[in-house]
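For reference, the structure discussed in these notes is given below.
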Amino acid sequence: MPSSGDAAGRRPHVVLIPSAGMGHLVPFGRLAVALSSGHGCDVSLVTVLPTVSTAESKHLDALFDAFPAVRRLDFELAPFDASEFPSADPFFLRFEAMRRSAPLLGPLLTGAGASALATDIALTSVVIPVAKEQGLPCHILFTASAAMLSLCAYFPTYLDANAGDGGGVGDVDIPGVYRIPKASIPQALHDPNHLFTRQFVANGRSLTSAAGILVNTFDALEPEAVAALQQGKVASGFPPVFAVGPLLPASNQAKDPQANYMEWLDAQPARSVVYVSFGSRKAISGEQLRELAAGLETSGHRFLWVVKSTVVDRDDAAELGELLGEGFLKRVEKRGLVTKAWVDQEEVLKHESVALFVSHCGWNSVTEAAASGVPVLALPRFGDQRVNSGVVARAGLGVWADTWSWEGEAGVIGAEEISEKVKAAMADEALRRKAASLAKAAAKAVAGGGSSHRCLVEFARLCQGGTCRTN
């Protein structure tokens, strides 16, 4: 429990409790480094064991090796029978296993001597009660967009108001923000009995009990959503909201000595390369991969493409030639590099040769594109990615054809459509200028005295006080 000495000059000890998935884990690592290196906090990062993927294990090992000031707190999950949810996504299962193990966190927190907690949105409703038992303030790090945070905060109210009408989930008009169309609502939320829906609603209802909410965004990227959340327009009794993004990648983590993609980029002309990546979690169907390959080929542009053909860590034995169509790699070898290996995305986006990012619009990818000033061609596949694509289009960071299909919908996006969108985006100087202006705004936000920097300073100050919000 926090003592009076915490408020009298001792460094606050902030314990961060992330959930599963690189999209959740990466921003927690970045927050840990920021707080420990620039904001006078002692920081511990809870590592949940076993991890859900080898990518998570490697990321955590690299983080702790590079930043020994961030302390590691291992937390073993209680046994969990996943057969209760036979067809659930591996990450939704991990969220549930972590939620059921949360009551066991108490002894770990007591031994750590924490003065404040920050946990993931996926664990909100189960970690806040544990924090209250310990007399600790519990903040939330929301790892997606402010638009998605506003949906999470308002969705329980929306469901309550529409209960019994039998019409299912439709367009959601979020007070102070804007309308999120039915087609952009994450697929799982259309099923009231889905495991993720139950988790999402429980966590949304619990947000008003948090001490504060940090969100990885900045004012210029999401002005409406940030303002509405901070002004309490989305939900009554909402805690303080701190827009602390873009949370920047740690700068001294080890690079892969075997990687050759940077050498390839170095050999390309300035602003000539299309970078293509769809994140670490989901695979794209074979048919869609081949259409994308054909679209990139007929666009005529250079490209670096990171191909993922499996879900999580399932065996990935397929050869690239088999995945992308006969003869494709040979035909594009002089202007395209295709790899199944991990790349340092932030390093790629900062490279002067990269002119466009064809992305699924996972939120980390969006913030990294904004910080780098690289325009985005949005190709969302599932979850919050259509909401994020809407943010990209509204901010002028990129373009999104909102009629394109995504996971669970019939049809694929054709090669000709992809080719035309790539060519148009590569030729759009106004789009390039807007992306560059957002990069300047992002840099200003995180610099000393900027809006995001001030929010982190205020968060650290609150952690120093060690007070517990009890509403």
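Note that the numbers count up from 1, one per residue, in the order the chain is shown.
Every residue gets a Cβ built from N, Cα and C, even glycine.
Sequence annotations record features per position, and here Swiss-Prot assigns active site, proton acceptor to His24. Within the same chain, the residues at least 6 positions away from His24 (active site, proton acceptor) whose Cβ sits under 8 Å from its Cβ are Pro18, Asp120, Ala122, Thr143, listed in sequence order.
Cβ neighbour count for Asp120 (active site, charge relay) (all protein chains, 10 Å cutoff from its Cβ): 24. If you look up Swiss-Prot, you'll see Asp120 marked as active site, charge relay.
In the three-state DSSP scheme, His24 (active site, proton acceptor) is classed as helix. Marked as anthocyanidin binding site by Swiss-Prot on the basis of similarity to another entry: His24, Gly383.
Its Cβ taken as reference, Thr143 (UDP-alpha-D-glucose binding site) is surrounded by 29 other Cβ atoms within 10 Å in the chains shown. DSSP assigns Thr143 (UDP-alpha-D-glucose binding site) to coil in the three-state reduction, outside any helix or strand. Under the heading UDP-alpha-D-glucose binding site, Swiss-Prot lists Thr143, Val343, Gln345, His360, Trp363, Asn364, Ser365, Glu368, Asp384, Gln385.
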Next on the checklist: Based on the record's binding annotation for UDP-alpha-D-glucose (Thr143, Val343, Gln345, His360, Trp363, Asn364, Ser365, Glu368, Asp384, Gln385), what whole-number value in Å is the widest Cα to Cα distance?
Outcome noted: 23
Checklist entry - According to DSSP, which kind of secondary structure is Gln345 (UDP-alpha-D-glucose binding site) found in, if we only use helix, strand and coil? => result helix
Checklist entry - When a 10 Å sphere is centred on the Cβ of Gln345 (UDP-alpha-D-glucose binding site), how many other Cβ atoms does it contain? => result 22
Item to check | Rounded to the nearest Å - Cα separation of Trp363 (UDP-alpha-D-glucose binding site) and Gly383 (anthocyanidin binding site) | outcome: 11
Item to check | Reduced DSSP assignment, Asp120 (active site, charge relay) | outcome: strand
